[in-house]
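Notes follow once the structure below has been shown.
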Amino acid sequence: MASVGIAPNPGARDSTGVDKLPEEMNDMKIRDDKEMEATVVDGNGTETGHIIVTTIGGRNGQPKQTISYMAERVVGHGSFGVVFQAKCLETGETVAIKKVLQDRRYKNRELQTMRLLDHPNVVSLKHCFFSTTEKDELYLNLVLEYVPETVHRVIKHYNKLNQRMPLIYVKLYTYQIFRALSYIHRCIGVCHRDIKPQNLLVNPHTHQVKLCDFGSAKVLVKGEPNISYICSRYYRAPELIFGATEYTTAIDVWSAGCVLAELLLGQPLFPGESGVDQLVEIIKVLGTPTREEIKCMNPNYTEFKFPQIKAHPWHKIFHKRMPPEAVDLVSRLLQYSPNLRSAALDTLVHPFFDELRDPNARLPNGRFLPPLFNFKPHELKGVPLEMVAKLVPEHARKQCPWLGL
């Protein structure tokens with residue numbers, strides 16, 4: 001493996017490199033199928049101006065290539081580690097580097113997932129490398145495409161202005177969220193498990209949305225238990241609050257339904273202060289779940305006595321001028337029974353998104369909409385022809401020549 005190092009500044013590169021992976025990591029077989037091997041860098045800096053030097057290529061007769069990243073600023077942090085914005089000194093390209101502490105005993109599930117993903121509405125992995133600290137802690141660095149905004153910040157922006165988000169943006173963002181979910185659920189078999197406005201990146205010029213942060217993502221296997229204490233509180237599906245361990249990708253659909261409601265309202269629909277409080281907030285809107293609905297979420301709770309509360313009509317939650325299609329879609333996504341929630345692909349053909357299929361649809365500034373109909377064959381595999389005809393409007397069919405429509 002190539003020797004790589006860290007340089008404190010462009011003029012004085014440190015010569016100390018790490019020539020090989022630690023012994024325990026030889027079993028990890030980490031390979032980047034974009035012709036980029038996971039290399040190791042020595043050092044751990046995210047301070048502004050810090051330069052990280054790594055090597056890519058060198059396989060299948062490919063020339064080795066040195067890439068240097070200069071850390072610019074921290075853009076996010078959490079229990080996982082830190083995300084910082086960096087610039088590639090060779091190309092001038094801005095990237096995001098997510099740095100996570102790596103347990104040497106295990107493969108990194110996020111890296112494995114990211115390598116499978118290739119979609120216009122999912123953030124892409126460019127490269128990855130390892131770095132070590134003085135204490136010999138190992139960090140995995142995921143070099144990702146940089147997208148400057150988040151849906152969370154866009155919501156805050158409109159709140160500050162005391163305005164409702166223009167409906168065209170609500171439709172655009174929600175459509176792209178469900179297109180990303182349809183892809184990861186149907187094509188990859190992965191459940192994201194942490195859909196929330198902070199994990200939805202937005203390009204403020206094109207309004208293209210990209211799903212990010214696959215740190216909680218997992219392939220759900222029928223019959224295999226999963227942890228229920230995942231997903232951020234306001235967006236947690238009720239079956240997770242009930243402690244279900246055999247849930248499905250419908251938990252992402254619930255979360256995305258909560259995001260849609262928040263885009264329409266300007267604030268979270270279910271702002272619970274704790275797990276139990278979260279359930280109370282849901283019951284206040286959906287009413288007390290029936291015995292049958294409880295059984296669908298977690299059979300262990302069917303005997304539990306819940307306060308009997310009537311459902312609050314959806315049209316009273318949203319203002320009078322709210323389009324009925326918007327209210328209808330929210331009601332189809334936020335169902336207690338996971339199997340009754342609209343699947344991500346079915347959601348894309350909902351009438352709420354018909355405006356996006358209009359050949360004359362434009363952004364408020366007159367620009368074209370971002371690409372919405374450039375489906376790849378695997379995205380629509382097994383989809384009935386009449387549904388495909390709805391998903392790919394006539395004016396966009398040249399983007400999918402493989403369809404033969």
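Yeah, the Cβs are placed from backbone N, Cα and C, and that goes for glycine too.
Values in this document were obtained by computation on a predicted structure and should not be read as measured data.
Annotated features in Swiss-Prot:
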type: REGION; residues: 1-24; note: region 'Disordered'
type: MOD_RES; residues: Ala2; note: N-acetylalanine
type: DOMAIN; residues: 69-353; note: domain 'Protein kinase'
type: BINDING; residues: Val75, Gly76, His77, Gly78, Ser79, Phe80, Gly81, Val82, Val83, Lys98; note: ATP binding site
type: ACT_SITE; residues: Asp194; note: active site, proton acceptor
type: MOD_RES; residues: Tyr229; note: phosphotyrosine
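Distance from the CA of Tyr229 (phosphotyrosine) to the CA of the residue listed as 'active site, proton acceptor' is 11 Å. In this structure, the CA atom of Tyr229 (phosphotyrosine) is 23 Å away from the CA atom of Val83 (ATP binding site). Sequence-distant neighbours of Ser79 (ATP binding site) (same chain, six or more apart, CB under 8 Å from its CB) are absent.
Spread of the ATP binding residues is 14 Å (greatest Cα-Cα distance among Val75, Gly76, His77, Gly78, Ser79, Phe80, Gly81, Val82, Val83, Lys98).
Most other Cβ atoms within 10 A: among the recorded positions His77, Gly81, Tyr229, that distinction falls to Gly81. Shown in sequence order, Val74, Val75, Gly76, His77, Ala96, Ile97, Lys98, Lys99 are the residues of the chain, 6+ apart in sequence, with a C-beta less than 8 angstroms from the C-beta of Val83 (ATP binding site). According to DSSP, Val75 (ATP binding site) is assigned to a strand segment. Within 10 Å of the C-beta atom of Val75 (ATP binding site) sit 16 other C-beta atoms, taking all shown protein chains into account.
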